[in-house]
Structures are given as structure tokens and as C-alpha cells.
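Engineer: Got these off TrEMBL a minute ago, pasting:
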TRANSMEM  A:12-32  transmembrane segment
DOMAIN    A:62-254  domain 'ABC transmembrane type-1'
TRANSMEM  A:64-85  transmembrane segment
TRANSMEM  A:97-125  transmembrane segment
TRANSMEM  A:131-155  transmembrane segment
TRANSMEM  A:176-198  transmembrane segment
TRANSMEM  A:233-254  transmembrane segment
Amino acid sequence: MNATWSRFNITSIVLGFAFLYLPIVLLIVFSFNESKLVTVWGGFSTKWYVSLFHNQGLMDATWVTARVGVISATVATVLGTLAAITLTRYTRFRGRLLFSGMVFAPLVMPEVITGLSLLLLFVAVGFDRGFFTVTLAHITFTMCFVAVVVQSRLVTFDRSLEEAAMDLGAPPVKTFFQITLPVILPAIISGWMLAFTLSLDDLVIASFTSGPGATTLPMKIYSQVRLGVTPEINAACTILIAVVAVGVIIASIANKRREIQRQLDEQAAQRG
Amino acid sequence: MTHIAATASSSTQPAEALLTTLAKGFVNRLVIIIPYLWLLFFFLVPFIIVFKISLSQTAISMPPYTPVLDFKDGVAGFFAGFRALNFDNYTWLTQDALYFNAYVTSLIIAGISTILTLIVGYPIAYGMARAPATIRPTLLMLVILPFWTSFLIRVYAWIGILKPEGLLNQVLLATGLISQPLVILNTYTAIFIGIVYSYLPFMVLPLYSSLEKMDYSLIEAAQDLGCPPTGAFWKITFPLSLPGVVAGCLLVFIPAVGEFVIPDLLGGSQTLMIGKTLWNEFFSNRDWPVSSAVAVILLLVLTIPIMFFQQAQAKAQEQGR
């Protein structure tokens, strides 16, 4: 394999990754810029981080975003997991085509349409726009991403494990919690994280469905970006990137540990 | 259903077995019903409402449209409402060239960006698929990682790079490649860069997964038989990676048509895209019925690619089983 990994392949990967990472790296570097001009280096400084923490509006928005993210990701994970089970386990029921359509379509649906349609629903049923409606909207579009992630794990799941448990007399619900859930747990966790970051990230749907008092961080960043690029926004973005990066690293370490543990268990089982 | 029979025989009590079956039936139904109802109420019903409101008229009130087709006056009132429906918003869309241009421009921009993303993404995916198996998971992780950082931030980062006094121009001026700063920000070029950059992982991942499964001895065989490398690529590699190409292109094209953040932040006020038009119609002009009509047409335009996408997903799911 190594011999066929030609210079062309390596060059395209290096260039590709440079393209993917350079903008983010530059953004982080310039958040430590002394100068107010974002693109002119004026020496190292952390003053923008200090002023960030004194920006009450930004801090409020961060708090709203974090709460929306945690609540919506958690509910979306439950609903998305149920949807994934439905898609993989129940191949025949009335309206299955509609169901799979409703799970897959939001993945590619332009956000302006999702946002507008949810807003009109909330107005029609008389929900006050605010924290609650943003959360509902985020649950709806992120649960479909969770469903796809969990489903990809479920299709490779060995069902004979479940059958064995039930043959031994375990009721279905118990079987699910003791056999199925632990096996698909890594997928559920990554589904939760995906839902959380999608919620953290969303500008368009939140702008449509939010009301007074529920300004999310992306909405705040967006309104400031429109006024001009400032190092303070760079600092806010850097913190956001750092939070997500730490989360991803912890999750992948946890995943790796579990994988190693599983291999050790398997070896132990083989030795008998 | 073998396990039910097994439970029944082992418990020897038919009543208990019946109870288990009933419980299982109930749980089964609940598993389907909860997400089903949620999606019906929060995904399908909203579209029906959008369609309904696209047929109403703007009014200065809250909500800013005249009521249509509600049951306030009973069933008779509901049917009377049909006569009051008006397609003015749709006629308006066809009369004002702005909307037509916005739809066409969006489709063209999304199409060109999709092709550019494919051209940029293919070599990356190919290089990854041919990388030593030990470093492939790391490469995969590196492609997914930017996806976790905020979309808004990634678009924002490009403003600092593409500005007239931005980093790209500074570098190009310093190296003497250009004598005048290039105007890239607030042009269509900036939109192309933004879309290619933001959607690249969506293209690379499906391409990678179909290229990774490929049997490379086929290419060796072709080359042994005297086929030049480019010939082997177009005759073997590319056709075999076609499912990945289709999936990747749909994943980029469909959201790109309705994209708002990228044309708004990188394209400036001069560029015209339908997502931006809808946003302005809603937030600046406060014309809910017209923005609903824009959304309905956008959805109709995207129905065919979305159905293709859904079919591709369903097929992938079948194969996975």
C-alpha cells in the first residue's frame, strides 16, 4: 500500500488540510493581537479576552446558547435514537416511507426554510417566541442527525445478542437497557455531541424562532460581524473552538479507552 | 419472533407470555409513535402552514398576514375560505425579475460550487483512501474536526483573509505577485470559496467511504494490460466511486442553493441568492406571505434533488443491513 501512496496523494492531502485548517489557525492567532486592526499584527496580548468577559451581552448570549444546547441535544438524542431504532428494526409499518423521508430531508433542508416554517408553526399555535421555541426548533433539526449517527451503528449490531438475552427470559425493555444500549452507547454519545455542536452553531433557525431575551451566541456574533471584524469576536470564536476541541478530545480518548477495555475483555474471554 | 415462542415455552404460563407479547407490542408502538408524531408536528405541519400563509395577504398586525383557511367559522367558513385564497404572492414572484434571477443565480452558484468542491475534495479523499491503513483513522478525524467548529466562525475567518487589506492580499503584495490588492470579498468568487470551504467535509466523507471499499488490484490489472493511469482512473476508479460522488454532490448542492450565511457575509449586498432574498423579505420587509411563497417555490425547486438524496440514503441503509 505504501508504495502506491504517491507524492501526488501526499501533496493533495497536505494542501487539502492546509486549506481546511489555515483560516481557523489564523483566526486564533489574531485573537491574541494587540492591535485593534484584525489583520495587522501589533504584538501579543490577551486584552480582548478580558474585554470579552466584561461584555455582558455576550456573556448572557453564551449562557442562553449553552442551556439551549444541553437541553435540545439531550431530548434530540432520545428522539433520534428512537427514530434510528424504528428505521433499522421496523421495516414494515404504515407510513414508513413518510417517516424515513422526514428523518432524512431535514439533513439537507435549507435552514431558511426550516426556520421560517417552524416560526410560522409557533405563531399559529400561539407559542411565545423565546428560549422555549428555539429549543424546540433545535431538537427537531438535530434529532435527524442523531438518528443517522445511531442508525449507522445499529445496522452493524449483532442481533443474536438480543435474541440470546430474550431466550434467557429477559423482557424486551430490560434487554434494550442491558444489551443494546451499552453496545450503541458510543454512537449515542457522538450523536449527542453532534446535536450539541449543531445547536451551538446555528444562526439561521435560531434567528427565525427566537424572541426577545433569548439571543444566542451566533446571533450576537452575527450582529457584531455585520458591524465589522473585531479582535473581540476572534477571542469569542477561539473560546468556542477550544470548548468544542476539548469536548472532542475527551470523547475520543474515552472511546479509545473503551475500545482497549473491550479488546482486553475479549482476550480474557478467549483465554477462558 | 422466535424469542417470544421461547419465552412462552420456558415460562409455561400462557398468561405471562401473553403479557410479555402485549408489553412488547406497546413498547414497539411507542418507539415508532414518539419520533413519528414529533416529526409530523414539527416538520410536516409547518410546511403545510407555510403553504397556507403563502396564499394569504400581508396585513399590518401581529402576525402580519390575513387569516386563511381556519375553522373559526366552522366547516362552511373553511370552504368559503377557499374562494378567498389568492395567488397574488406567486404572481408577484413571477412579475418581479428579482426573484427569478435570485432562484437562477442560486442554482448556478450552487452548481458551480458543487463541481469545485468535487474537484477539490476528490484528490483529498483519494489520497486518504490510499494512505497506509494505520494513519487513515487520524486523517478521517482531521477531516471531520473542522465540521465541529462553528460554521459561522469558519465563514467569518475568511473575511479577514479576503478583505482588500486582508491577509491574502498582504501575502500576494509582499511577494510581488500583484501590485494592486485583489477585490475578492463581496464578489461571487468569495461565495465560491466560502461554499467549497464550508462544505468540503460533506464531499470528502462519502467519496472516501466509496473509494476505501474499492479493490485496487483492478487498477493494477488495467495498468499491467497497458492502460495509462489517467485511462484507468476514468474507466475504473471514477465509475466505482460514483455512489460517493452522487451522495457528496447532493449533500453540497441542496443546502448550498438555500445558503444564507455565506452569501450574506462574504458576498456583500451586490450578490443575489434566494436564501438571502427570503431572509430580507422576512426580516427587513416583514412580508411573511411573500417569504412563505419564496420558501414554497424553493422547496419545489429542491424536491427532485431531495428525493434523490432520500432514495440514496434509503438504499445505503438497505445495503448496510
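Using N, Cα and C of the backbone, Cβ positions are placed for all residues, glycine too.
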Engineer: Under 8 angstroms, Cβ to Cβ: which one of A:12-32, A:97-125, A:131-155, A:176-198, A:233-254 has the largest number of such pairs with the transmembrane segment (A:64-85)?
Structural biologist: A:131-155
Engineer: Which sequence positions outside the transmembrane segment (A:176-198), separated from its termini by at least 6 residues, show Cβ-Cβ distances below 8 Å to it?
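Structural biologist: That would be 69-70, 72-74, 76-77, 80-81, 138, 141-143, 145-147, 149-150, 152-154, 157, 161-162, 165, 170, 244, 247-248, 251, 254-255, 258.
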Engineer: Three or more CB pairs closer than 8 Å, sequence separation of 6 or more: does that hold for the transmembrane segment (A:233-254) against the transmembrane segment (A:12-32)?
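Structural biologist: Between the transmembrane segment (A:233-254) and the transmembrane segment (A:12-32), contact is present.
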